[in-house]
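Participant: Below is a structure I'd like to ask you about.
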Amino acid sequence: MEVLMAERADLVFHNKVIDATAMKRLISRLIDHFGMAYTSHILDQVKTLGFQQATATSISLGIDDLLTIPSKGWLVQDAEQQSLILEKHHHYGNVHAVEKLRQSIEIWYATSEYLRQEMHPNFRMTDPSNPVHIMSFSGARGNASQVHQLVGMRGLMSDPQGQMIDLPIQSNLREGLSLTEYIISCYGARKGVVDTAVRTSDAGYLTRRLVEVVQHIVVRRTDCGTIRGISVSPRNGMTEKILIQTLIGRVLADDIYMGLRCIATRNQDIGIGLVNRFITFRAQSIYIRTPFICRSTSWICRLCYGRSPTHGDLVELGEAVGIIAGQSIGEPGTQLTLRTFHTGGVFTGGTAEHVRAPSNGKIKFNECLVHPTRTRHGHPAFLCYIDLYVTIESQDIIHNVNIPPKSFLLVQNDQYVESEQVIAEIRAGTSTFNFKERVRKHIYSDSEGEMHWSTDVYHAPEYRYGNVHLLPKTSHLWILSGGPCRSSIVPFSLHKDQDQMNVHSLSVERRYISDLSVTNDRVRHKLFSSDPSGKKKERILDYSGPDRIVSNGHWNFLYPAILHENSDLLAKRRRNRFIIPFQYDQEREKELMPRSGISIEIPINGILRRDTILAYFDDPRYRRSSSGITKYGTIEVDSIVKKEDLIEYRGAKEFRPKYQMKVDRFFFIPEEVHILPGSSPIMVRNNSIIGVDTRIALNTRSRVGGLVRVERKKKKIELKIFSGDIHFPGETDKISRHSGILIPPGTGKKNSKESKKWKNWIYVQRITPTKKKYFVSVRPVVTYEIADGINLGTLFPQDLLQERDNVQLRVVNYILYGNGKPIRGIYHTSIQLVRTCLVLNWDQDRNGSIEEVHASFVEVGTNDLIRDFIRIDLVKSPISYIGKRDDTTGSGLIPDNESDRTNINTFYSKTRIQSLTQHQGTIRTFLNRNKECQSFLILSSSDCSRIGPFNGSKSHKVTKESIKEDPMIPIRNSLGPLGTVPKIANFYSSYYLITHNQILLNKYLLLDNLKQTFQVLKYYLMDENGRIYNPNLHSNIIFNPFDLNWCFLRHDYCEETSTIISLGQFICENVCISKYGPHIKSGQVLIVHVDSLVIRSAKPHLATPGATVHGHYGEILSEGDTLVTFIYEKSRSGDITQGLPKVEQVLEVRSIDSISMNLEKRIEGWNEHITRILGIPWGFLIGAELTIAQSRISLVNKIQKVYRSQGVQIHNRHIEIIVRQITSKVLVSEDGMSNVFSPGELIGLLRAERTGRALEEGICYRAILLGITRASLNTQSFISEASFQETARVLAKAALRGRIDWLKGLKENVVLGGMIPVGTGFKGLVHRSRQHNNIPLEIKKKNLFEGEMRDILFHHRELLSSCIPKNFHDTSEQSFTGFNDS
């Protein structure tokens, strides 16, 4: 007090404008200087003055006082312009939906924020005495956000879930809202208005529960004698402000020395002077007392509580600090909930900071330290991992700019930047406390069409048969327009008169694979190719001018390589690999190969794992042409999908089982199915019976007779016709109500009048047209027996299969459809019921370490005869040949930009490559960006023979000779269209387009002699990596004429454009392909004429890494199917509507987020470790102590974090008192139990300690976290519990147990009408506390114990460091730092 008296002379003199916060500071300083009474007198005068002035000024608020900010018009216009550009990019396929949403939110958020910052200076300049300005900025009424909505713009709103609506409200409330804007703003504000009532009641209930937990805590003693403390240290990154907040008003638990000099003693309370001294002396760690370490659970002592926040002195005896604490935490809740109401659901988000260039100049940085990436808006950028120094050289000075780690660099090296240009973007710090959540966003296709993607897409290996694909890097998905050929009559046709059209398709789960050969029948040569159906098939080549030929390879193999005839590949036996020959021509008849061709499945990366299906073929015996249902009858089926194959990919389980057969019989029940559009009229009724060739719909007739079932689904009608007989059963017949039963041949109907035996299997199904009547349809069944599989010897040479150390094959039969699955046949196609698969296997013992084998596809040409081989290597390293730059092999044509890289090729050995050097050939290198290896596509002079055996064709030989004469022509000729990846300079970066290749073979090989161009369109697809692969068969797709765009080019097209356009290439919108300017629609080049192109329109969708692609390559998607699922993190709006439930979750100890582990789990782990190390009595005690300390600190941090993020300051000690009550119980466990407590009983920790010491026998217990509700129901007083919840239950239990209520708390006394033991009523306890003076001895004993305890905790670090992540001491320090990271 002497100090205060001395300072009374120095009166505080203020001469400045005071707002609300300054007023608070002033009042607290006044209290410090003059005490309570004097201050209240001063404040009274201020109040009177204020009212006088307000009356004199008489501020009124009219609508004219709301002045809109002048710069608003062009700011909004600018933002709209940016949104428009963004929309365009999304349309072109440069950014995807999530990036677009994210960027548009940030554009509008930034605009809105900018307007908000303009508001204050604008008012200050134009109209400083504006009532809105005065009220808002003095803190009297209305905050910046509300005024901003009145005079700025409302901006982005959030919907009731706290998600963003990406349509901003551009007008403010002064200008008035349009109808749309009004609806959007009401949509989000409902949360604010309606929920306010609910939320207020929530906050009230929270307060009630909090007070319930701590109402009995009263200051009852000056010092409890504890010698523990929690250390706070200024070292670890605490700001001074936070340190001061933490320390002021606490009491020291230990003396503090500076060297040998003691600067503060134990039990001294910390004032601002002392804190400053600590900061100047840089005291290492300061032990303070907190409610956590007070010795009793039912009261608290003055020193552990510290100063009372009201009058800056140690708290008085008899103060009800518990209730104060409950109210301090609950009350801001009510304020905070109201806050949503004030801003009406306006969204707040975070924007990133920018680094701008200090002056004009050239920018330079070290490119090794950065890594190219996409920003979250889809712009290309560099990511720097460590601090990056960027130099900007202008004419005379060099500026250095430091860019912090994890930032995005938005410029390229050596680029010229202008002053104030944004060169880097710093990630928005995590200091903004926004709750992140992971969101799935599905992108749906907006048109019908065929899906195409780059080879980048890979399966998760577990999903060989599923449709979950992951994208490892950014690429496009294209939806090529055109619908599948359905069973309706095609109203238009693309084919010219007399074209030959050959459509054959087979259906494998909605993939309509078919082949389309379209030509004019003038000049024809036949080509043979193996087809899935195994029929020899004509491919027709056309010499007669620029007409369209679509001819396809069939396999998805890597890099078909053409080797010269000297190569030694034909040897069939090699160790560790085997080679399967395919016959292209008549030789097939000589070998006993079954009619149905073998289809080989090799993944695109060429790597096969054990038990992968290598090849399959479809036995024609198990092919049906009509729809129907498969049933297994008595078969045991072993579904191949085992438990471990099913991996949950981000929550979605998807796989497609194939069923492996154990027994050799299954049944097929045919039915006819028609799928009609929803609008079409149907000529027959449901459950009616029709004959063959009845007219069902306008142009559809039934092929079989029978019972009709009509089912209406979304947008279409499914009409089924069941063939077979119909029986009306008598009353005695019991027919199962199930979907249907199979009856074996030879069984008749018992007890019925007509006894009829069936010769074959039948399927009986009960049909109920009305409730009472029903009849039975008996349908014929086709029975299939399954053979034991084909003899492998007929497929492959015998010696191949007998090798021991080789790759082996097993034959497995799969049924393709599940039991009872309906099978739909598409128009005129056949359905394969059983597929025979060859499964790879190899010897585990010998090659135990080998997980995967590499397959390659090799094509060998010998004198017009072409053989294809698959080679499967068990060899570990795929790299078998390295060619250096000066090597003779490399002296072919390697493009300049890639010539200095080492060419590593995966499929050739050295000897084999050498044979190529005798003939001059072109080597075209494709850089494979994923792996650091390159692959060759070699066009040697034997290239032309690849076209196939042209029987006696002259032009063929001419071509070969002319190539030999002038080796440069084929190079020039084929390098143009073959494998060029045009870089399209797009709006702000270059995207690689997906290209297809054509090989142009000119008859006389002269460019200007265009009339006689001989075109073979070999249909390749090239992906964004420059890898080439064959697509699968061309689908049976009918184009709509409107989907094709004709694009006319100049006649000089061949010289200029042939490098840009190749057949099958995908062209994004807005790309220049001719002199006339950009192309209008995006699409795929379908037909190339000399002077024009036909482009099939396609829609690109961009997808980034980590996205999931649904569906299969080449699958036909209908409108509205899901294409891609993006998973992205977004911050929920930082509304306290999310904040209050968070506080409540922490206090009720529910698990909050999946990321931070639930504290309870952590607690259990700790308990086990420590008990194991220290043995029983100490182990339980210390285990419980440490766990409790840990969880207490982290709970306090979590609660503070939520409140701080809302700008609400609550003193830590209030939260501590409450947390102490939640964590002060332990749960008695069973083992080693003495008879004192029953297992599962909750007792206080201190009580457990004392009982354990008294009994000198360990009680086993573990720490437990109670929520506030449970804590309220587990107090010492049953009257208080009964008045809280579940009155009857609590009272009945108390009566049964014979509980005694000592009436220590406030509530019990209030209920019974006694005097409450706080404040003046506290005197009743004074004589008790006097008795404590004569117990120094007991305290000393306790101190002995406490000393040992403290030793164990703080000094024996070696002992604990093995089981405690950080020792106790540090954890508390660090977590106190954590308290204050708001």
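Placement of Cβ uses the backbone N, Cα and C atoms for every residue, glycine included.
Annotations per Swiss-Prot:
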type: BINDING; residues: C224, C294, C301, C304; note: Zn(2+) binding site
Participant: Other residues with Cβ within 8 Å of the Cβ centroid of C224, C294, C301, C304 at the Zn(2+) site?
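Facilitator: Residues close to the Zn(2+) site, other than C224, C294, C301, C304: R221, D223, T226, R289, P291, I293, R295, S296, I300, R302, L303, Y305.
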Participant: Output, ordered by sequence, the same-chain residues six or more apart from C294 (Zn(2+) binding site) with a CB under 8 Å from its CB, or 'none'.
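Facilitator: Spatial neighbours, sequence-distant, of C294 (Zn(2+) binding site): C224, T226, I300, C301, C304, Y305, R1220.
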Participant: Within 10 angstroms of the C-beta of C224 (Zn(2+) binding site), what count of other C-beta atoms is obtained when all protein chains are considered?
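Facilitator: Result for C224 (Zn(2+) binding site): 19 other Cβ atoms within 10 Å.
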Participant: Quick one: among the binding-site residues C301, C304, which has the most Cβ atoms sitting within 10 Å of its own Cβ?
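Facilitator: That would be C304, with the most Cβ atoms nearby.
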Participant: Which of the three DSSP-derived classes (helix, strand, coil) applies to C304 (Zn(2+) binding site)?
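Facilitator: C304 (Zn(2+) binding site) sits in a helix per DSSP.
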Participant: May I ask you to report the DSSP-based helix, strand or coil state of C224 (Zn(2+) binding site)?
Facilitator: coil
